[in-house]
């Protein structure tokens, strides 16, 4: 190349390297939330969101919304705006009832989603709940095809898989006995569940989740001791039978006790027990305690709830004999907002010196004080999250993957739409960072390729499966994560029928992903299967068929390109075009230089000849 071209080439190459440097830096993480309520619901954004599930088996999650005390409206996900449309309706108006809970599930084992409703009858003099099941047919609900259960409940039931047949069962205290009873799905027959001297707490926060690290869901109960002290019991699933393993009390400092929640808080692959509450009866001083798996010791992970001189606290549960609206206990809703592999939470806090209550994001961050040193992590309240702090009089806040892209967005319910109904707000999570995820849903496995009408039952909402992964993080260290599927069902638990597990900034394949399901009485071997080399940013649908032969289970993998991947593809295409342009320019300049040199050589030849 001619020497005269070097400066221009250096300039072009400098521009190229500058572009590549800017590409490698990428956009700064966005923290704001974008309100997309009108885009999702149009003018229908009201009612109490009570449950999630895929009613019509189209692999998109639908919303179950209660309106006007006794109507259930199912908003089906659609491809065009508004993206959730009210398509299915069933009503208990003839019962003059207040519906208190909605639990979708396949209660007869036909691979169609049914819906269990609990309700207060109009004359609820004994304060007990009635229950009715609307049966699914042709991927919808038939308002006339229903079964009224012949027993009433002392509290909202826990939906679990008691006998390991992967048909949901109903666990509750009924009017027939002070001992827990189980309504087995399929034949709808009642049986004694457990024999215990403990009295069940109301409102309870029972759970069906693996707490003994064997991939088999155990039974967690919230009870009262003989001295009326709050306590917790773990009934271990041993060979398909439940036997009591441990009993422990609440933290001594807590006066008001909220609903237990479960998450792999410290990212070690095992479930931890989170307990929100207050250290005084007026909730002037709120806290969240954590019991790490297997330790038996409580440690505070949130104690400071003041912001700029204003003290915020949890909203204590008020027990009403004759409620006029759905009671909402003190609850945390768990989800990995920023996909860093450490689950965050949403909570409702009230200004202790005023009347306003708002939803706040509690971010899971490394511990920075002595009290949480043992668990290494803590919650930090995100006080100024744009979008969330604009919603006043919030009642409930939960996570939901609105656009099925693996990012957990936020839904908030707030008072004030009407006297008996609330407003729905949906906030898109604009968090953009170099983080990855895997989304896992475990189906019932009641059928595989021979499902009725050839429709795979994506939406049967299966309680009990347990998921764990192991991978290597960006620094080369081993990283674990775990979650239980639909472990709680009562008191607006609002758990998703899938799990989104954050992987942090590691784009490595998941080395191992394990899935375990409940097993029936008498079966000693654990039902667990392992998959290897799972691609990040993918959705895995596990079909555990047949149940007792894990090596025969199948998994369908769906890739979900994130915005980062798409932006990178666009930027890479731009860089390639830029490089081709540079090559063309340099080639053209090289050709010009060669032509000039040839002319000079020709002139020199003629001069020498003369």
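Residue positions begin at 1 at the first shown residue.
Placed from the backbone N, Cα and C atoms, the Cβ positions cover glycine too.
As given in Swiss-Prot:
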- 35: N-linked glycosylation site (CARBOHYD)
- 94: N-linked glycosylation site (CARBOHYD)
- 123: N-linked glycosylation site (CARBOHYD)
- 138: N-linked glycosylation site (CARBOHYD)
- 145: N-linked glycosylation site (CARBOHYD)
- 150: N-linked glycosylation site (CARBOHYD)
- 175: N-linked glycosylation site (CARBOHYD)
- 241: N-linked glycosylation site (CARBOHYD)
- 351: N-linked glycosylation site (CARBOHYD)
- 369: N-linked glycosylation site (CARBOHYD)
- 480: N-linked glycosylation site (CARBOHYD)
- 98-135: repeat 'FG-GAP 1' (REPEAT)
- 153-183: repeat 'FG-GAP 2' (REPEAT)
- 256-291: repeat 'FG-GAP 3' (REPEAT)
- 1-32: signal peptide (SIGNAL)
- 564-584: transmembrane segment (TRANSMEM)
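Annotated features, which come from Swiss-Prot, shown on the structure.
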residue : record                      : DSSP class
35      : N-linked glycosylation site : strand
94      : N-linked glycosylation site : helix
138     : N-linked glycosylation site : coil
145     : N-linked glycosylation site : strand
150     : N-linked glycosylation site : coil
175     : N-linked glycosylation site : coil
241     : N-linked glycosylation site : strand
351     : N-linked glycosylation site : strand
369     : N-linked glycosylation site : coil
480     : N-linked glycosylation site : strand
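Look at the glycosylation sites 94, 150 and count other Cβ atoms within 10 Å of each Cβ; 94 has the fewest. Candidate glycosylation sites: 35, 145. Fewest other C-beta atoms within 10 angstroms, 145. Residue 480 (N-linked glycosylation site) has a Cβ environment of 16 other Cβ atoms inside 10 Å. Here the C-alpha separation of residue 241 (N-linked glycosylation site) and residue 175 (N-linked glycosylation site) works out to 24 Å. Residues 203, 205, 207, 209-211, 213, 220, 222, 230, 232, 248, 250, 297-303, 305, 311-317, 329-334, 341-343, 345, 347, 349-350, 352, 362, 364, 372, 375-377, 379, 468, 470, 479-484, 487-488, 491 of the same chain lie 6 or more positions beyond the ends of the repeat 'FG-GAP 3' (256-291) yet place their CB under 8 Å from a CB of it. Ranked by CA distance from residue 351 (N-linked glycosylation site), the glycosylation sites 35, 94, 138, 150 have 35 at the top as the closest. Per-residue confidence over the repeat 'FG-GAP 3' (256-291) averages 94 (mean pLDDT, predicted model).
Residue 35 (N-linked glycosylation site) sits 33 Å from residue 480 (N-linked glycosylation site), taking the CA atoms of both as reference points.
A separation of roughly 53 Å, to the nearest angstrom, links the Cα atoms of residue 150 (N-linked glycosylation site) and residue 369 (N-linked glycosylation site). In this structure the C-alpha atoms belonging to residue 145 (N-linked glycosylation site) and residue 138 (N-linked glycosylation site) are separated by 13 Å. The Cβ neighbour count for residue 175 (N-linked glycosylation site), using a 10 Å radius and every protein chain shown, is 13.
Most Cβ neighbours within 10 Å among the glycosylation sites 241, 351, 369: this distinction goes to 351. With residue 94 (N-linked glycosylation site) as the anchor, the candidate glycosylation sites are 138, 175, 369, and the one with the nearest CA is 175.
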